[in-house]
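Now, the feature entries from Swiss-Prot:
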REPEAT    82-119  repeat 'HEAT 4'
REPEAT    208-246  repeat 'HEAT 7'
COMPBIAS  332-365  compositional bias 'Basic and acidic residues'
REPEAT    505-542  repeat 'HEAT 10'
REPEAT    799-837  repeat 'HEAT 13'
Amino acid sequence: MADLSLLQEDLQEDADGFGVDDYSSESDVIIIPSALDFVSQDEMLTPLGRLDKYAASENIFNRQMVARSLLDTLREVCDDERDCIAVLERISRLADDSEPTVRAELMEQVPHIALFCQENRPSIPYAFSKFLLPIVVRYLADQNNQVRKTSQAALLALLEQELIERFDVETKVCPVLIELTAPDSNDDVKTEAVAIMCKMAPMVGKDITERLILPRFCEMCCDCRMFHVRKVCAANFGDICSVVGQQATEEMLLPRFFQLCSDNVWGVRKACAECFMAVSCATCQEIRRTKLSALFINLISDPSRWVRQAAFQSLGPFISTFANPSSSGQYFKEESKSSEEMSVENKNRTRDQEAPEDVQVRPEDTPSDLSVSNSSVILENTMEDHAAEASGKPLGEISVPLDSSLLCTLSSESHQEAASNENDKKPGNYKSMLRPEVGTTSQDSALLDQELYNSFHFWRTPLPEIDLDIELEQNSGGKPSPEGPEEESEGPVPSSPNITMATRKELEEMIENLEPHIDDPDVKAQVEVLSAALRASSLDAHEETISIEKRSDLQDELDINELPNCKINQEDSVPLISDAVENMDSTLHYIHSDSDLSNNSSFSPDEERRTKVQDVVPQALLDQYLSMTDPSRAQTVDTEIAKHCAYSLPGVALTLGRQNWHCLRETYETLASDMQWKVRRTLAFSIHELAVILGDQLTAADLVPIFNGFLKDLDEVRIGVLKHLHDFLKLLHIDKRREYLYQLQEFLVTDNSRNWRFRAELAEQLILLLELYSPRDVYDYLRPIALNLCADKVSSVRWISYKLVSEMVKKLHAATPPTFGVDLINELVENFGRCPKWSGRQAFVFVCQTVIEDDCLPMDQFAVHLMPHLLTLANDRVPNVRVLLAKTLRQTLLEKDYFLASASCHQEAVEQTIMALQMDRDSDVKYFASIHPASTKISEDAMSTASSTY
């Protein structure tokens with residue numbers, strides 16, 4: 001109609017004659033030429049000519065169009081090197097355009113043009129470095145904000161794709177950025193330049209960052225005039241630390257970080273709190289423990305609520321940086337090798353190289369060049385799977401991961417037994433075994449000397465200096481009895497490798513000296529531990545008199561001068577006290593095995609609370625983490641603080657190790673009963689990871705009750721448990737695992753019936769659970785759920801359920817005898833193959849199709865048990881069933897060799913059925929019965945059919 005109206009208007013303009021080329025009176029036909037019949041001037045121009053024409057246009061949009069079409073122009077002239085260079089020269093002129101939108105449009109195209117130049121480098125060498133990079137660098141200081149932003153994005157994109165040569169980065173990019181961050185530079189430009197420097201540091205590497213970027217970055221951290229600059233530095237501090245490495249971080253960056261953490265602007269301090277974990281990862285354990293911990297405590301107690309909030313969110317990740325294999329107890333062991341073979345291999349491996357922390361070695365095998373700060377003795381593995389082995393091993397081979405402090409303070413009993421085993425129990429070897437077999441560098445010694453003065457060392461009663469050899473000769477009088485170690489292990493003496501540091505009288509003196517400083521949380525914790533030890537030792541004094549005398553004699557004979565390289569760190573003072581306490585009471589001993597932890601029920605609740613002292617992380621940090629469940633924190637810090645605590649808990653648990661799980665147990669139970677479902681949901685999604693960390697014994701004792709509670713929680717919480725149901729149940733003992741068979745049915749019931757994804761996830765998990773249960777359990781408990789899901793209202797749930805049923809058929813048929821498999825097939829035929837509803841009969845065809853595709857049944861068995869019932873559906877009254885049957889027979893069944901090679905009666909029956917379907921009255925049935933199997937995908941067609949039956 002629009003064309004007719006235009007035609008009428010043109011006819012009325014007779015005077016002009018415009019638009020009328022010819023008029024034939026005979027045919028009365030008006031011929032109107034199209035605009036395509038004319039050749040425009042632009043088409044007559046070369047690509048370079050069009051570029052020049054529009055680049056010189058006064059119309060801004062034309063110049064923008066030129067910038068947008070530069071890449072296409074380059075592609076047109078890429079065969080001619082001169083034309084390519086000419087286009088690049090036009091780009092340089094276009095970069096001087098006075099209109100900011102044109103410059104911004106040009107900068108958006110630069111990364112694409114640079115990539116093109118890189119791909120065509122032989123024809124246009126150095127094109128990017130000569131023509132494009134100077135424009136990008138110049139625009140970093142452009143007056144227009146949009147142009148600067150696009151140039152910054154372009155620069156980062158070019159660096160990320162490695163399109164800028166290293167030489168150009170050093171000579172063209174970095175000098176400009178350093179100039180832009182000069183004191184007299186524009187404030188906005190300076191802030192943006194600092195951000196660019198920080199973001200490009202990981203891309204350019206350590207060398208360039210350390211030489212060119214780091215000095216200016218340190219200056220910007222101290223920018224007194226612009227807090228925005230300091231805030232950018234603080235926000236990117238972790239990235240810079242991770243690039244430059246540990247030495248540069250500790251020497252140059254940490255002093256600036258301390259200044260930023262005490263900045264008078266709360267936004268700067270908040271940025272420091274957010275990147276604290278990354279900074280911690282770039283420092284050594286000693287600095288992390290002695291300096292960063294105290295700094296972090298200051299941030300947690302910051303006057304600004306926003307700083308405290310960020311600090312508490314980073315607390316869990318920061319604690320996780322203290323993790324190492326010796327404290328977490330997580331390391332790999334090849335189950336196929338015996339303990340003796342592992343020890344021999346480790347001994348050979350550690351002769352020529354420094355032993356890593358996650359390698360199992362005996363104490364006598366520890367190389368002498370290990371430093372105290374990084375060494376850890378991991379003895380023979382006594383995880384729960386090897387508890388029976390551990391009971392028959394010497395005490396010196398118990399698996400106890402030790403940190404550097406415990407390495408210097410191994411118990412005399414453990415060393416005596418180790419010496420007896422290796423040196424025929426000669427008395428002269430006690431001294432050599434007590435002497436540390438690790439060396440310290442001069443730097444480590446200096447640091448340890450500085451930390452020797454602390455509250456514990458200052459107020460404690462000095463240990464007596466007694467000659468060890470003389471006292472041993474007086475008390476032993478000769479060789480120790482070969483039965484000595486066995487007798488000690490049978491008595492009430494604890495098997496912990498710790499030194500008894502004081503007698504009961506000395507403990508009382510320690511408490512008396514510490515009481516004036518009870519305001520200090522660390523001192524208070526020490527006093528509580530010592531008090532509990534005194535009470536416990538007095539209760540059991542009449543039972544342990546003999547064993548305590550023996551141990552106190554050995555303790556009095558320990559000469560401190562024999563341990564010149566063993567200093568005690570400030571943070572290690574608390575665990576050493578607790579170690580002494582644990583040695584004085586058999587109920588307070590250091591445990592690594594899961595079975596011991598789960599069976600150790602001699603603590604009263606008060607005593608267990610008082611003994612939450614560990615040596616993996618500074619106790620003050622752990623106390624702050626445990627306080628995150630305090631209701632007052634939600635009011636004074638963050639309403640989501642409990643959720644952050646729950647999110648970080650698996651990492652904290654891994655850091656502390658399963659031997660310190662008692663420190664977190666109460667907190668975990670508090671979080672599991674939190675009123676906010678988001679907190680419980682977070683725990684539900686990670687409970688399987690925590691179970692791996694704790695092992696089966698602790699999981700059964702502490703996690704299973706909470707897991708059971710989650711099963712009855714809201715759907716938002718239950719989905720977290722359901723998504724990792726297999727991962728959790730496989731860690732449980734078979735008897736405990738079978739208890740959940742009765743509860744799987746409950747997952748079919750949801751708060752909202754429309755929550756079909758819940759049922760789909762259940763089907764996915766049931767497929768994985770098949771391997772955990774016996775054929776009888778699968779048939780009795782999982783089969784009803786699977787058949788229920790096959791009849792679900794939602795096609796996606798049904799589709800996964802078909803896979804579940806087929807895997808179930810495979811497992812049950814492979815069992816001996818295959819009775820359960822035959823019964824399941826008969827039930828499928830009865831409930832689905834002969835179902836009065838057409839959707840049930842369609843489901844039967846889907847199951848048969850999946851069984852064939854996944855080879856869940858041998859074809860001869862399929863032909864006997866399922867195929868006869870499948871072929872009867874060729875006469876089904878519903879076309880959808882016949883369509884799916886035609887697809888299954890033609891595209892799946894006939895692809896199997898069994899039906900291609902053999903000329904059996906089964907093959908004849910299939911061919912007759914297909915011929916009948918080819919003559920079906922429904923066109924779709926005819927099509928799929930006649931189509932070649934390779935011309936379409938069965939899964940796509942099947943899914944389309946399934947979705948049509950929602």
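Including glycine, each Cβ sits where the backbone N, Cα and C put it.
The residues of the repeat 'HEAT 13' (799-837), classed with DSSP into helix (H, G, I), strand (E, B) and coil, number 31 helix, 0 strand, 8 coil. For the repeat 'HEAT 4' (82-119), the DSSP counts in helix, strand and coil order read 33 helix, 0 strand, 5 coil. Within the repeat 'HEAT 7' (208-246), the DSSP-based counts of helix, strand and coil residues read 32 helix, 0 strand, 7 coil. The average pLDDT computed for the repeat 'HEAT 4' (82-119) is 88.
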